[in-house]
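Peer 1: So TrEMBL lists these for the protein:
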type     : residues : note
SIGNAL   : 1-21     : signal peptide
TRANSMEM : 296-313  : transmembrane segment
DOMAIN   : 299-343  : domain 'TM7S3/TM198-like'
TRANSMEM : 320-336  : transmembrane segment
DOMAIN   : 354-452  : domain 'TM7S3/TM198-like'
TRANSMEM : 356-379  : transmembrane segment
TRANSMEM : 391-412  : transmembrane segment
TRANSMEM : 434-452  : transmembrane segment
């Protein structure tokens, strides 16, 4: 029995290099999920009940089929056979398999199942391609499946990285696949190009229905090109890996289109998605945007920022404390994170060089003060209105997602994470961002206008504390009627106080012999 099982596994392994599952002859059996090419189908998978998907009446000019299935965060397994083999099955939330068709073959099957105890909602689709279309993952040397059309995604607090296997040229049914690395001429897979696309889901929407509906816009080549934003184009000489800035709580879908410029054909990989957070984590999951302590801190920070926005120039010391707190907070946050093991949860290529980025950033930060050097009061009021009102934006981000918070967050990430310089920093700008931007602008303009009108006709700045002390000292010297004039100098008062303290520690001396007074 053991020998028979081993023989069965060997036979399955020999036919699963991109091949379809066994063809079903005759009428459709009960329990099969019928699919049509290019048509999405919703389905629900349960743990003890695997399903079998079938695609019939495949055209003779089709040479390979990509079957893909998607879920929100629960894993689904797709395989060519009921026996799960490492090189013939995939498990995850966005997975697919390439089925290379044999001559005269017109039917394919795939086995679907889940090990999650809860039912999993999925959407699946088979897509067909001809012999002139490139095969995604056809030159895979890194992942388990021989022909792997999947995009592998990893994320952390700083960046989200996608990886995929190189593609190969298409070929006719029954023919041998072109060699991947034997030659590098124009008639090899090295002529292929890869367009990486990014698509943002609606902000603050973590529902399963919205994700599965928008994934349908990222599966086929024409829809991807029409709906998504092309971030970068890679050649066969480039590394098949791209990094993006992580957007926690924001749904993002990625896909790659491989193009053959000689034949003017293209094929889409299996799209993948992420929210840069976990739906199953007990603390800090996707449903909660931040900790309670974070919300309390930024709420208090916003209240102080509003005060600075409208009254900062007149309350000079409060403004200095606020601005100093921001700068020192940035400095120590970067210092502690870079030097300790503590962890915290412009796409121009020239800015990927740290020296260029930080020099440019410093020049921009210095340029504005230099321009307003002749009118320091206006500069100070502008900084109060701009920075104070932006603290409200940061507080709103603790309760409601907004991309405007990444103005400062991405700078922090660049300072803290060495590899963040290679990440693309695209962010969505949707309805919430327009509302928050309007609030930010209204607060900034109101605060600046109020302070300019109130400070009109007054001294530019409150007097310097040293000048106040010096002027008071001179007044006391020249005005003998001032009671403070008769106060001893500070040095004499200190020596007098020290003498009194010393007297407390000295023993009382004996008085000696006493005689009565003679009258």
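Backbone N, Cα and C atoms are what each Cβ position is placed from, and that goes for glycine too.
Note that TrEMBL annotation is computational and uncurated.
I'm curious about the neighbourhood of these features; can you describe it?
Peer 2: Only residues 6 or more beyond the boundaries of the transmembrane segment (296-313), in the same chain, are considered here, and those with a CB under 8 A from a CB of the stretch are 319, 322, 377, 380-381, 384-385, 387-392, 394-395, 397-398, 443-444, 446-447, 450-451, 455.
Same-chain residues lying 6+ beyond the ends of the transmembrane segment (434-452) with a Cβ under 8 Å from its Cβ atoms: 306, 309-314, 378, 381-382, 384-386, 388-390, 392-393, 396, 400, 402, 404.
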Peer 1: Which value does the mean pLDDT take for the domain 'TM7S3/TM198-like' (354-452) in this predicted structure?
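Peer 2: Across the residues of the domain 'TM7S3/TM198-like' (354-452) the model's pLDDT averages 78 on the 0 to 100 scale.
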